[in-house]
Structure formats: structure tokens, C-alpha cells
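Below: one structure, written as C-alpha cells.
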Amino acid sequence: MSTTALVEGKIVQCIGAVIDVEFPRDHMPKIYDALILEGSELTLEVQQQLGDGVVRTICLGASDGLRRGTTVKNTGKPISVPVGKPTLGRIMDVLGRPIDEAGPINSDVVRGIHQKAPAFDELSPSTELLETGIKVIDLICPFAKGGKVGLFGGAGVGKTVNMMELINNIAKEHGGYSVFAGVGERTREGNDFYHEMKDSNVLDKVALVYGQMNEPPGNRLRVALTGLTMAEHFRDEGLDVLFFVDNIYRFTLAGTEVSALLGRMPSAVGYQPTLAEEMGKLQERITSTKTGSITSVQAVYVPADDLTDPSPATTFGHLDATVVLSRDIASLGIYPAVDPLDSTSRQIDPNVIGEEHYSITRGVQQTLQRYKELRDIIAILGMDELAPEDKLAVARARKIQRFLSQPFHVAEVFTGSPGKYVPLKETIRGFKMIVEGECDHLPEQAFYMVGTIDEAFEKAKKIQ
């Protein structure tokens, strides 16, 4: 459609990020149509049709200085963003415009951010495991290639650091393309991530889309869809793509803000009434088809450490693996602070991961569960009152707990110890030795912040 043929309307009301625009009655824009402001780069997205030619839109950008009577043009199509190889190595905003000052993105292909999820008969479930090199994840909640993973945790327990380490280990080993969507997170983290990718020479395989904390709610709500659209394009070209989202909770929160601005009645805890539908629309599109796969890792902030909050609770149902980060474990100084009793994966099945891996995982969890049950008795009566087999279980559990810690590559600057990548075979061998009692003679400090079990033996020699 040429610019001359665009239907014009006028702004009739501005309330924060919500703008009402009046069009001729017979040329009323459709829901999700993108409207552009004359003489400015501001884009509005139609959310509601109020009747009499008036539509209610959400502003994708700062609405400062807007006034009634300003001319608005209807593009006649939804927001479209550039996709494909020209987006790699670039930082873009919600509209796919470059924000890295490295010139325009010369992509011939653009794609609307609102797409239908693949049909059921196109889906392709996978049982192939994706090795992360992080012991606790590979053992307790292994990831499936083409699966969906959630990193759940409250404020400051290490979601972003865990995600950075996963990107570091998977994106570098994986060799394929990755898309990172920064949804409502800190600008500093986005900057750190960009330089991390640049320094490790994988920037040319990553497309970065940011709608950070300082952006209006419209941007934060749509930026996840922008990133997903880019990932879908690579998948539909037959590639295996990694899709990272930090943070899904901010997507929900932006939806809450927009919903309130649009005048919808809030539901439980003040969330939007359409929470499940909005989450479903996003999550159903993050999926693997017979053409290609999307493996997604999503950080999910847990408000007030309450996993029953509607936002994280709605996300749980869509995931194949959940990695739950615990404040109690973080307070012990054990990082990554993954809770081995709360975290789970659909891949924990002897037919998928093999009998040995399955039995070791369950053995580790049983030992830790026994320790958890005995902690109250120990706190009141002390270790001496325990039966000999319980003392042994506690000693092994404390070694397992420490062996689940691991130095990260991305945290080297803070910890001073070099990061470790532990292959799955080594992880299983190490935990098997602890569970079967082959390490009972070693002190528990030897297991803290090491990679393989051999390093624990070396450390024990130094301690003794």
C-alpha cells in the first residue's frame, strides 16, 4: 500500500500510554493494526474498537508531547519486523529498528509479530537431551532439545547469571543461531550481555531484541513477540534455534499495566483477566515443528518468593522443565542455587535418559529428602542422637549438596575461580560414587565449588 493511500484519523484523547483515535466510520482499523503518527517515528497498536470510528490504541514509545487533533495514519497491517540473517549481531527495539548505532538493517523479509501457533499435526516432540554442562541441571532437570525451560526464582537468587551461563555453554557449543529477548529487565544487563557475546565471538550468531525497564508498557508487552517472530523465521527455514527470554514476568506485568489503562476489570492479585490467554498465545508459538526446532529458556521472576502467584503459576503448565532457584540454598552460599527437590523435568524417565541416570537422580533426591526430614531433629537434639544409618545419610546429603555447586564461566570476575563445564557422563559418575558411599572418607568441604569428582579428590588431598 503506498503512503498516499493510507487512511487518516485524528487523536481525540490521550491518557498516558493509551491513545484514542477517530477514523472515518467506513475505514475503521482492525485490531492489532499499526498506526503511525505523521512527522514522527511513533507507532500505535489498535487494541479496542469503541464504535463510531473511534479505536483505542496503545502507544509503542513515549507519548510525551502528543495532543488532540494530531493526524494519525493507518498502515492497514500489524507491526512487522525484519527477520533473517541481517538481524544477527544487531540490537533492535520492539519495532525491529536498530538501536546499536551500526547502520540500518538491510533485510528483504519482514514478518508480522502476531502469528498463529503451528497446527497440532505440525508439532514434533523431542526426547533428545541438550547437555548444559551444569551438574545440577543435567542431573535433576535435564533439558530436551526443542523443549521449553523456565528458570524460576525471587529477587537476587541468580536467574540472570544462570541464564548467562546457559547461553555461554549452549550457544557456544550449539553453533546455531540464537535470539535473546530482554523484556523489562535492567539496561545494564543488556549491555553486559552484548559485550559478553562480542568478547566470545558469538555475536554474529545472536539477534538481540530489547524492551527494557525504562520503556513504556506497550514496548515491554510486545518485545517478547518481536523476538519470537525472529526465532520462528529461523525455525521455519529448517534451523534449530535457541530463544532466550529475560524476563517472562515483566511481560505479564506489562500486560497488567496495559489492561488497567484499557479499563479492563482486574482479576486475582490485580492481574489482567486475560492472563492465561496472553501467556498461552506466546507460549504456544514457542514450539518445535517437523521443519525446525526452538529450544527456549525463560527466566521467570517469582514475586515475594510465592510460586502460587498467578503469574508464575500460569507459566508452569507450558514448560517441559522447571529449574527452581531457592533463597535458602543461596543463603548457604551454594551456587547455582537450584532446589533439587523442587526442580523437575518431563525427561526424567528411564526410557528417555536411561536406567542409570534415572536411578542416580532418584537416589540423590531420596538422600536429600531424608536430610530435609531429619533437619528438625538435628536442630533440637543434635547429630549424636541420630541412628548410624541416618548419620550416614546426612553426611552424604551434605556432600551431595556441596557437589551440586559449581563455578560459572560468567561469574569468574566475581568468584576468582575459573568456570567449569562438566559433561553429563562425569556428572552421573560423580553422584553415583557419593550415593554408593565411595566418597564417605572425604571431608564435605572438598566437594564445594568443584567440577568433576576427580577435582573433589584432589581438593581433599590439599585439605588433609
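Yeah, the Cβs are placed from backbone N, Cα and C, and that goes for glycine too.
Annotated features in Swiss-Prot:
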BINDING   Gly153, Gly154, Ala155, Gly156, Val157, Gly158, Lys159, Thr160  ATP binding site
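The structure, with features from Swiss-Prot marked on it.
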residue: Gly153; record: ATP binding site; Cβ contacts under 8 Å, 6 or more apart: Lys159, Ala299, Val300, Tyr301, Val302, Val324, Leu325, Ser326, Ala337
residue: Gly154; record: ATP binding site; Cβ contacts under 8 Å, 6 or more apart: Tyr301, Val302, Pro303, Ala304, Asp305, Leu325, Arg327
residue: Ala155; record: ATP binding site; Cβ contacts under 8 Å, 6 or more apart: Tyr301
residue: Gly156; record: ATP binding site; Cβ contacts under 8 Å, 6 or more apart: Ala330
residue: Val157; record: ATP binding site; Cβ contacts under 8 Å, 6 or more apart: Leu325, Ser326, Arg327, Ala330, Ala337
residue: Gly158; record: ATP binding site; Cβ contacts under 8 Å, 6 or more apart: Leu325, Ala330, Tyr335, Pro336, Ala337
residue: Thr160; record: ATP binding site; Cβ contacts under 8 Å, 6 or more apart: Glu185, Glu189, Asp246, Ala299
**Environment of Gly153, Gly154, Ala155, Gly156, Val157, Gly158, Lys159, Thr160, the listed ATP site - residues of the same chain whose CB lies within 8 A of the CB centroid** = Tyr301, Leu325, Ala330
**Message:** Quick check: in three-state DSSP terms, what is Lys159 (ATP binding site)?
**Reply:** helix
**Message:** So if I draw a 10 Å sphere around the Cβ of Lys159 (ATP binding site), how many other Cβ atoms end up inside it?
**Reply:** 26
